[in-house]
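Straight from TrEMBL, the features:
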- B:20-39: transmembrane segment (TRANSMEM)
- B:20-440: domain 'DUF112' (DOMAIN)
- B:45-71: transmembrane segment (TRANSMEM)
- B:111-134: transmembrane segment (TRANSMEM)
- B:140-160: transmembrane segment (TRANSMEM)
- B:172-188: transmembrane segment (TRANSMEM)
- B:208-225: transmembrane segment (TRANSMEM)
- B:260-283: transmembrane segment (TRANSMEM)
- B:323-344: transmembrane segment (TRANSMEM)
- B:356-383: transmembrane segment (TRANSMEM)
- B:389-408: transmembrane segment (TRANSMEM)
- B:415-444: transmembrane segment (TRANSMEM)
- B:474-493: transmembrane segment (TRANSMEM)
Amino acid sequence: MTLKRSLSFIAAAAFSLNAMAWQPSGKVECIAPSDPGGGWDFTCRSAGNVMRDLGLVEGTVQTINMAGAGGGVAYAHTVSKRAEDDKLIVAASTATTTRLAQKQFPGLDADMVTWVGALGADYGVIAVGKDSQYENLNQLLDAIKQNPKSVKFAGGSARGGWDHLKVLITAKAAGADKLPAIPYLSYNNGGEAMTQVVGGQVDAFTGDISEVTGFLSSGDLRVLAVLADERLPGEFADIPTAKEQGVDAVGPNWRGFYMPQGASSESKAFWVEAVDTLYASEQWKKVMKANGLIPFHPPADEFDSFVKQQVQDIENLSREIGLLK
Amino acid sequence: METLGFLMDGFAVALTPYNLMFALFGAFVGTLIGCLPGLGPANGVAILIPLAFTLGLPPETAMILLTSVYAGAMYGGRISSILLNIPGDEPAMMTCLDGYPMAQKGRAADALAISAIASFAGGLIGTIGLIMLAPVLARFALSFGPAEYFALFLLAFATLGGITGKNPMKTVIAATLGIMISTVGIDISTGTQRYTFGVLELYEGIDFILAIVGLFAISELLFFVESRMGGGRKKMNVGKLTLTFKELVSTVPTQLRGGVLGFISGVLPGAGASLGSFISYTLEKSVIGKKGRFGEGDIRGVVAPEAGNNGASSGALVPMLTLGVPGSGTTAVLLAMLISLNITPGPLMFTQNADIVWGVIAALLIGNVLLLVLNIPLVGFFVRLLSVPPMYLLPIVTMVAFVGIYSISNSAFDLYFMVAFGVAGYFLRKLEIPVVPIILGLLLGPEMEKNLGHALVLSDGDWSILWESTLAKSFWLVAALSLVLPYVVGPVLRRRMNAAMKESPTSD
């Protein structure tokens, strides 16, 4: 028994030694599947900078913007053209899993890449204008349960997108039926959607916590619930979670990376380790704080199953509301 | 007072050496682009957008660069009008009427100097108007719901017809083309794919930057190729500056009138700088009456349209910054830039992106000063640049456009699309179908559709929500008037404009 354990320990040590021995030489690329300026672009650029500062990579991490199909162009590119590239990581988030779940990348699924790790998350919120009649999440949900059309939501994603799904996850957790009947108005981004809620045109806002900071501090918006397991740190500590109000709904919009499936196991081990080191660093904590990201980092061996579970959950929900047949 | 504080913050943003450098660069390049016949402010801004991305400029710097180019192009347009009798861009057309006669009389330097000063005055008046009015309009904008937005976009489409072209039907065709192109992609209101044919690159729709660069810049190149002439046929003696201070002072009322009128026509969505310079010129003519020698080189005939079109260029930023509605072709391009930078143009820009907005406004003020300083001594230099043969100019412009677009998306697909837009733009312009309404259709069509859908969701399918509020009602009224009035007032205006052209002995 002891012998077996120590043998496996030696094997593991040898493996990890081996893993650490591999280091990318030359140019490393990070694909941001969007135009410059968005969340994925931010993930690549800021993570790339910190990786270079920490000495994880020799040179710089070059960010390549590859917009199209909400990440689909980059996903197809990784799967078909870069399938064995050891020096490539691609930025991803819950938007990626949502589209995978809803089969919006034709012929592609979540098993075709290797999920490396998460670097933090932006948690979902349900909010109303300051003059709204709804004081807490349950009042709002009771109204929906009585008449699904009574509360109109505005959000920054397309119909069926992540902002819409957060409403459905919450309503479902509260036991509401007729989910497809809940009115959802999609805007180009969260800011535009919030304008409508602050101006009193639409009843409620669904989005991420980082989007509401401005209107939260100005007092124009009342956040009824944050869709996290526990209360968020710092300035958000006053906001109740959905869970403590008796509604078991969680909606993390994580940010992280995937890489080509066919890359060598040494390089995969290297990148997992690199993301762990990056996440633990002081520099990254500063980046997270400055950009409204909340700690979220499933252990390396659980991240892959977390992603696949999320894809499965979203798929089930999308089927239920008739977005997917 | 609050406004002043914001403006000071804006100056703090705009006056950093880094931003100031880009403002200077933008002002210079803008003037250059403006004075090249055919290349107007919209092209200038469209050409430089890719550069802003390639350099990875922060949003406020990118906007400062592009607004400087915008203001610069408005200044530059007059140079070729005065020296060659070829308007550098559309709004500079009216400057030909008295500018060229002045140049023929050997007063080219005077004309260039006074028009630079008039441009400065117009720009200053417009920017002050922007500072005073924009925050008021911004607060008012929060009361806009989907129904009001729908009526507003309807208004924007309605005003298009009377102004951009001779033939309203062609304008309608162009706008329809734009709306049709905009339907490609995943519809955000329903999640349905439209006209994507399973091609991943089409899922997010067709990027309007491709359409803008293709329709304006590349079609322009094709025209250059066809005609193989790009100005530079005559060289004119610039002459010595003989402008007296007394003469300058005598034009002050003209500058004020031109600037204010220009600003007002700039604020109205769909009107813009050409209207501003035209109205300023015609008003000035009727105010001065027979005392002036308009069309024969009257200095006020140069001052009025220049003050007008620069006032309008600032005025056009009011609806863009506060409502997200472009007041002109150039602001449509700027709007596209803002969206690409992940900034929502609209009611909350003044609150959410105050640093960018006030940085841009301060940059506009600084840009105007820079342009004034830049324009007077550099007149001789700009004249020489007009004679650059198209065979050198062409490849440079093409290269900038291609490298820029490719560097944004890393997609050859986009380049094909851009070339296709360029070829389409060439034929459309041959058919005298204006391209600006295509861009507006592409930009505003989806917004109009989205707001119509949203309004109907809010009202549970009751169409009357669209004209329920007083605000919406007034938009419908103005829209109806703008559809009808051109048929009543348009011919009158056009007759006057033709008369003005005929009276000028050197207009052809």
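Just so you know, glycine gets a Cβ as well, placed from its N, Cα and C.
Most Cβ pairs within less than 8 Å of the transmembrane segment (B:20-39), among stretches B:45-71, B:111-134, B:356-383, B:415-444, belong to B:45-71. Between the transmembrane segment (B:208-225) and the stretches B:111-134, B:172-188, B:356-383, B:415-444, Cβ pairs under 8 Å are most numerous for B:415-444. For the transmembrane segment (B:111-134), the residues of the chain that approach it from at least six positions outside its boundaries are 3, 7, 71, 74-75, 78-79, 82-83, 95, 98-99, 102-103, 238, 241, 243, 247-248, 251, 254-256, 258-260, 262-263, 266-267, 299, 302-304, 306-315, 317-318, 321-322, 350, 361, 364-365, 367-369, 371-372, 375-376, 379, judged by C-beta separation under 8 angstroms.
Non-local neighbours of the transmembrane segment (B:172-188) in the same chain are 157, 160-161, 194-196, 202-206, 211, 428, 433-443, 445-446, 450; each lies 6+ residues outside the stretch with a CB under 8 Å from one of its CB atoms.
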